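> Here Swiss-Prot flags Cys50-Cys65, Cys57-Cys70 as disulfide bond. Swiss-Prot lists 1-21 with the feature signal peptide, giving sequence analysis as the kind of evidence.
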Amino acid sequence: MKASMFLALAGLVLLFVVCYASESEEKEFPRELLSTIFAVDDFKGEERECLGIFKACTPGKNECCSNRVCSGKTRWSKWKL
């Protein structure tokens, strides 16, 4: 009887420890996710040196990415046709 009570108590303690560890990992997950998102956004800003589609541009300058041209009418970067 004492052995079964000891095993039941040890099982409850083990369950508590596992649940506590899982909960602490869940609390840190949003922070890690946000830091990863902001790190990727910073990297994207440094990587791109040309204007994407529908971005404001100046006609005559070569600001748009390849396969795109600055429209003189709308002053937006658009696909070359």
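Glycine is treated like the rest: Cβ placed from N, Cα and C.
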> Taking 10 A as the limit, how many CB atoms besides its own sit near the CB of Cys70 (disulfide bond)?
20
> Have a look around Cys65 (disulfide bond) and count the other CB atoms within 10 A of its CB, chains all included.
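Looking across every protein chain shown, the total is 13.
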> Let me spell it out: for each of the disulfide-bonded residues (Cys50, Cys57), count the other Cβ atoms within 10 Å of that residue's Cβ, using every protein chain shown. Which one has the most?
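Checking each of Cys50, Cys57, the winner is Cys57.
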> Can you see whether DSSP assigns Cys70 (disulfide bond) to helix, strand or coil?
strand
> For the C-alpha pair, I'd like the distance in angstrom between Cys50 (disulfide bond) and Cys70 (disulfide bond), rounded off.
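Cα to Cα, Cys50 (disulfide bond) and Cys70 (disulfide bond) are separated by 11 Å.
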> Using DSSP and three states only, what is Cys50 (disulfide bond)?
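In the DSSP reduction, Cys50 (disulfide bond) maps to coil.
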